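Visitor: There's a structure below that I have some questions on.
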């Protein structure tokens, strides 16, 4: 069973036990699974080959190559493949093959007790946000929001920034990311809280469900792809009206790929104006420029880790601590 770390919110929320994953050994045994969309076999093969070239052992769930409608197999098949890897005690890291859509269909089928007791590290982004959120809410488990083996390690040469931060973050329990530029206008300050977040659509869609974690005094990071600015703002307002944003100490915007208005004559509203709206609405720092999202250059972020945010003039830094054993 994973070792536990205790934390207490400054707002008096009852003490909870947060399970921590094992630190990644060198070499590691890596399990590959697909809980979302169907997988590009060539892309997957290149990602697996890259990991093996680095000296790691890779086990791919047989169901990863299945196809059913949009998905990598039926709901039952995808969960079966995931559980099979979950029960293998030799696997250190379980990495998602790709995102898209599908995890929301199986949240109630995943055995969260087995997830909690596995002590494995789990990583992915985009649709995997639903898993990150549910693992924190239902398994008290810290997971990672970061690269996936197909699109990030198998679609051409992996980005050097992405790969450096991937291995550094997973192999230790403290990681510092400095000098991220953000034209914000806030006075310098130090903010501490648990970092959490991911894809805005998934976060908004899980509000009001048992898979939405209650994190007070947190540092919320958010990314999105392919949404009009007005739709992005609407999802942020949903979080605001649900009381989520008011409970945070800071909000950090990552990459919003292809989120500019498609028809500026009909919808003359840009992402810069969404940021301005959030800054007027919230009495906390709203920062931009986090290297993360549907882009090659991305961080690996320990979802739920105690984090120190240092806001400087025109930039900020993040230090993640105590997130693995």
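One-based numbering along the chain as shown.
Cβ coordinates come from backbone N, Cα and C, glycine included.
Quick paste from TrEMBL:
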type     : residues : note
ACT_SITE : 126      : active site, nucleophile
ACT_SITE : 223      : active site, charge relay system
ACT_SITE : 294      : active site, charge relay system
DOMAIN   : 30-146   : domain 'LD-carboxypeptidase N-terminal'
DOMAIN   : 192-309  : domain 'LD-carboxypeptidase C-terminal'
Visitor: If I take the alpha carbons of residue 223 (active site, charge relay system) and residue 294 (active site, charge relay system), what is the distance between them in whole Å?
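Guide: Residue 223 (active site, charge relay system) to residue 294 (active site, charge relay system), Cα-Cα distance: 8 Å.
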Visitor: Which whole-number mean pLDDT does the model give the domain 'LD-carboxypeptidase N-terminal' (30-146)?
Guide: 98
Visitor: Around the Cβ of residue 294 (active site, charge relay system), how many other Cβ atoms lie within 10 Å? Please give the count over every shown protein chain.
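Guide: Taking every protein chain into account, the count is 19.
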Visitor: Do me a favour and check the Cα-Cα span between residue 294 (active site, charge relay system) and residue 126 (active site, nucleophile); whole Å is fine.
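Guide: Cα to Cα, residue 294 (active site, charge relay system) and residue 126 (active site, nucleophile) are separated by 8 Å.
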Visitor: Tell me, by DSSP, whether residue 294 (active site, charge relay system) is helix, strand or coil?
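Guide: Going by the DSSP assignment, residue 294 (active site, charge relay system) belongs to neither helix nor strand, so it counts as coil.
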Visitor: Might you list, by sequence position, any residue in that chain lying six or more from residue 126 (active site, nucleophile) with a Cβ less than 8 Å away from its Cβ?
Guide: 99, 100, 148, 198, 199, 225, 294
Visitor: Using DSSP with the three-state reduction, classify residue 126 (active site, nucleophile) as helix, strand or coil.
Guide: helix
Visitor: Looking only at the domain 'LD-carboxypeptidase N-terminal' (30-146), how are its residues distributed among DSSP helix, strand and coil?
Guide: 52 helix, 23 strand, 42 coil
Visitor: Secondary structure at residue 223 (active site, charge relay system) (DSSP, helix/strand/coil)?
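Guide: Strand, per DSSP.
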Visitor: In the domain 'LD-carboxypeptidase C-terminal' (192-309), how many residues does DSSP put in helix, strand and coil?
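Guide: Its residues fall into 34 helix, 35 strand, 49 coil.
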Visitor: Taking the Cβ of residue 223 (active site, charge relay system) as centre, how many other Cβ atoms lie within 10 Å?
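Guide: For residue 223 (active site, charge relay system), the count of other Cβ atoms within 10 Å is 26.
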